[in-house]
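Here is what TrEMBL records for this protein:
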type	residues	note
DOMAIN	34-488	domain 'Aldehyde dehydrogenase'
ACT_SITE	Glu268	active site
Amino acid sequence: MSDLLTTEEYKAIAASLVLPQNAFIDGGFRPAISGKTFTTTNPATGEALTEVAACDAADVDLAVEKAREAFEDGRWSRLHPAKRKDVLIRLARLMERNARELAVMESLDAGKTIFDCETVDVPETIHVLKWHAELIDKIYDQVAPASDNHIAMILREPVGVVGLVLPWNFPLLMLAWKIGPALAAGCSVVVKPAAETSLTALRVAELAVEAGLPRGVLNVVTGSGADVGEPLGRHPDVDMVSFTGSTVTGRRFLHYSADSNLKEVVLELGGKNPCIVLDDAEDLDAVAAHVVNGAFWNMGQNCSAGSRLIVHRGIQDALMDRIKAHAREWILGDPLDPQVRVGALVSPAHFGKVSAYLKAAQSETILLGGASPANGFIEPTIVQTARDSKLAVEEIFGPILTVIQVASFEEAIAVANDTEYGLAASIFTANGKRALRGARMLRAGTVTVNSFGEGDISTPFGGYKQSGFGGRDNSIHAHDQYTQLKTIWLDLTDHSDAGVD
Ligand SMILES: NC(=O)C1=CN([C@@H]2O[C@H](COP(=O)(O)OP(=O)(O)OC[C@H]3O[C@@H](n4cnc5c(N)ncnc54)[C@H](OP(=O)(O)O)[C@@H]3O)[C@@H](O)[C@H]2O)C=CC1
Ligand SMILES: CCCCCC/C=C/C(=O)O
């Protein structure tokens, strides 16, 4: 990534951006059929950014129809894998050329810090697309063991038309996590971005066509969950939906599927992720840096945020001093200031939700923060609670870390697993056996030892329990979501030999 600019330079870019407004269907922008729009705002300032097409079921029908046409005529689904790869690589390169514009657009639309957009969201999005592009012409199908008279082939075929329903916390990155493997597999897609953060998905769709993606293969339908998400989930001609968001909405997609065509559903849902620090953890300063990053990165609006610190009582005081010192270094303020690490929460509605938790924290023991210095902004806050308090149990999705004290390894694991979620977990200890034993006992899709993290594109991402369903994002396993297996049996018996001497 190139060097960061000054706030003034970012503001100049922001002022010059041409923001997309219309939905992207069949290779071009078009307004909602109803003509309706909604206003998307900058959550850091409350100012309107632009009007965006408020689509509904009619637009979903059109996008699905165009995606189906594209899928059936094979313009993408039957294109040679190496050619599909070339197009996606060209898209990644175009995004590199427009990286700064995408970073500023993302920051304005979502309240995310420009530092994160420039150093993580945009480069990681490009990396993910390249990774899946590179995979396209390296996946081989299988031949099963069979008798000498048979060949049994197991082929992967694209699942068809897929609906991709995205959250607002990583608009670009979650787009890439889903369109990367879906397009690589040869599917046609209809993307429904979160209404709050639709802009960058629209811009990427435009760049994709510039990169040579045939029309109809990547459609973006903007609008609310009720008006666009539900019709997509219920659509009889959508073969599969991959969703990232809340557990409540994820559950609805299972109903939509059951009520319609039994489309496949993959759900990547919430988390209340434990971060265990045992009393033999080494380098407490490094541990503290991980804990702070896990809890406050992206303002805690991260399904895999390490939002529950479970700490051994023998080490708590020493650790908390270091955690507080690190957290104080996270400057809160204007997201377009490259020094800032804590930007705005995504919307007034979400700010209201997190503020209610902040209010609840006032009756617990606040160890750091606890205030909202301005509308839309919440200080990194650390609260000591009982393991069953509302703050320790519910997904807050904001910069509030709860701390629970334990007295043993066994208690730490029991507290960690005492949740309906199971997305991610971390364990810090110098004892290798306890680390591995703990990692195996933790009921979570990803466990990091002596660090906090989600892994990277090469490893599967998804949850146990109510954190996930039906498949995994990232890695070669993501392709399982977007492909289905076809078995072909060939009978090689040569019947012409019968009766011949
Ligand atoms: N796992 C994760 O990464 C995420 C978890 N969350 C959790 O969810 C909480 C609520 O956030 P929220 O934005 O409401 O999350 P949702 O799960 O409601 O939103 C995710 C996506 O689903 C869409 N959607 C919403 N309602 C429906 C519906 N009835 N049918 C079909 N699609 C729908 C949304 O559209 P639209 O928003 O445009 O209406 C958005 O595109 C957060 O506070 C957080 O706890 C939120 C986001 C990401
Ligand atoms: C660079 C890796 C970022 C991973 C962010 C994962 C978040 C997923 C989600 O909240 O859905």
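Cβ atoms here come from the backbone N, Cα and C positions, even for glycine.
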In the chain carrying Glu268 (active site), residues 6 or more apart in sequence that have Cβ under 8 angstroms from it: Ser242, Phe243, Thr244, Cys303, Phe461, Gly462, Gly463, Ser467, Gly468, Asp473
Mean of pLDDT values spanning the domain 'Aldehyde dehydrogenase' (34-488): 98
Coarse DSSP state, helix versus strand versus coil, of Glu268 (active site): strand
